[in-house]
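The next block holds one structure in the form of structure tokens; read it before the comments.
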Amino acid sequence: MLELLARDDAVVCEISNDYNGHSGLRILAVFIILISSGLGVYFPILSSRYSFIRLPSWCFFLAKFFGSGVIVSTAFIHLLDPAAEALGNECLGGTFVEYPWAFGICLMSLFLLFFVEIVTHYFVAKSFGDEHHDHGNNINSVHDDDADSSDESITSYTEDHPVILPRRSHNDIENQFQKSNCKLAQSAQNPDDDDDDEEEEDDKLKEEKEREALQDRQNISGNNKNNDNMTRFNSIPGKDHFSHDTDHQDQTQLGTPIEEEDKEQYLNQMFAVFILEFGIIFHSVFVGLSLSVSGEEFETLFIVLTFHQMFEGLGLGTRVAETNWPSNRRYTPWLMGLAFTITSPIAVAIGIGVRHSWIPGSRKALIANGVFDSISSGILIYTGLVELMAHEFLYSNQFKGPDGFKKMLAAYFIMCLGAGLMALLGKWA
């Protein structure tokens, strides 16, 4: 008898859900959430591409950093905390109760994402570095070949612009020297003709100087028009070299295509945006499933998730809109917006279809929901803290200039507002 009183009853996971009807309202929720998700994600994309809905720059500024706060808050309040609650449920027993798996999986997800980004940056930089190296070798070989020709040129420095002047070859100088020696020998044999020869030579020298001056002007004009094939030398660095107040002494090819740098930047941006959407979509699936089988809290949860999806879409849409998509990827932002827009509504529709078999409190559902929320939280924590906060505030040129600090503070408080509102929604969902 004492053993029975001392024994704790084993906690059993749920075997049914709280579905209580209201099928019509649940079906309506599919379309309302579809509209709110699409409005949030597509509004920044549309406003950045079409003039008839183009808004002042401060509107996009507000939406961008408000969305950043929403994403950071989503990672902690709407993902990590529910994941810890699901994986820490006593009905799971065993190792789930003994170790905080939600935080461990989140940590592994964060470091795995960081490793993937390190490898991606390495191969992207290596790829473009090899292309630049090959391009430089080709240019050097061309310059080496030109060094043996008679069209060599020297650089004359001016105060404002580098000027390329032609340089006469060694053979030309040697030929002129030989001609001068011959003329000296002839003058020694015919001393009576010295005066006539001197006058004739003066005339020839004047004509030659005029031709050289004309040729110099033509070469300078031609070099300015065809400066893509020139080598430019910048001015010598001054005393403030490390503070970048004066010019660097550098040799750069004006013909090097800038598109390679743009492509490298695009690949890095694309990686960050895809990872961000991946983490958000993971979360949206289980949000939709939970809404479809919720009980008495359905009305409150429905209203909260409508704003939840709109805010998340706003944060994702601003990042997609500011990515420099090339012309052959012009449909990518629309497809990414579509993927986010339809994920939660489809999940709600699926949940309605399986409302009698989907049990959010069952052992399998708790583990699946907890694991995926933990992975998503790690992704969004890394993306939010590194990409959306550190890079945006500390390493971008957006806040440079005399009013940069004021703009940074404004962006900071806007981001806090977004995080605070999203954290407040966590009270109900």
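In case you wondered, yes, glycine gets a Cβ from its N, Cα and C as well.
Predicted, not measured: the structure shown is a model, and the values here were computed from it.
Feature annotations, reproduced from TrEMBL:
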type	residues	note
COMPBIAS	191-202	compositional bias 'Acidic residues'
COMPBIAS	203-215	compositional bias 'Basic and acidic residues'
COMPBIAS	216-234	compositional bias 'Polar residues'
COMPBIAS	238-250	compositional bias 'Basic and acidic residues'
REGION	137-169	region 'Disordered'
REGION	184-252	region 'Disordered'
TRANSMEM	27-46	transmembrane segment
TRANSMEM	58-80	transmembrane segment
TRANSMEM	100-124	transmembrane segment
TRANSMEM	271-291	transmembrane segment
TRANSMEM	334-354	transmembrane segment
TRANSMEM	366-389	transmembrane segment
TRANSMEM	409-426	transmembrane segment
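For the transmembrane segment (271-291), the list of distant contacts is 26, 29, 33, 71, 74-75, 78-79, 113, 117, 120, 298, 301-302, 305, 308-309, 312, 316, 319-320, 323, 336, 339-340, 343-351, 358, 360, 369, 372-373, 375-377, 379-380, 383, 387, 429: same-chain residues at least six beyond its ends, Cβ to Cβ under 8 Å. Beyond the transmembrane segment (100-124), the same-chain residues lying 6 or more positions past its ends with a Cβ under 8 Å from any Cβ of the stretch are 80, 83-84, 86-88, 264, 267-268, 271, 275, 370-371, 373-379, 381-383. Touching of the transmembrane segment (409-426) and the transmembrane segment (58-80) is concluded from the presence of at least three CB pairs under 8 A, sequence neighbours closer than 6 excluded. Through the fold, the transmembrane segment (27-46) approaches residues 53, 60, 63-64, 288, 291, 302, 305-307, 309-314, 316-318, 320-321, 333-334, 337, 340-345, 348-349, 352 of its own chain, all at least 6 residues removed from its boundaries and within a Cβ separation under 8 Å. Note on the transmembrane segment (58-80): residues 43-44, 47-48, 102-103, 106, 276, 279-280, 283, 308, 311-312, 314-319, 321-322, 373-374, 376-377, 380-381, 383-385, 388-389, 392, 410-412, 414-423, 425-426, 429 of its chain, located 6 or more positions outside it, place their CB under 8 angstroms from a CB of the stretch.
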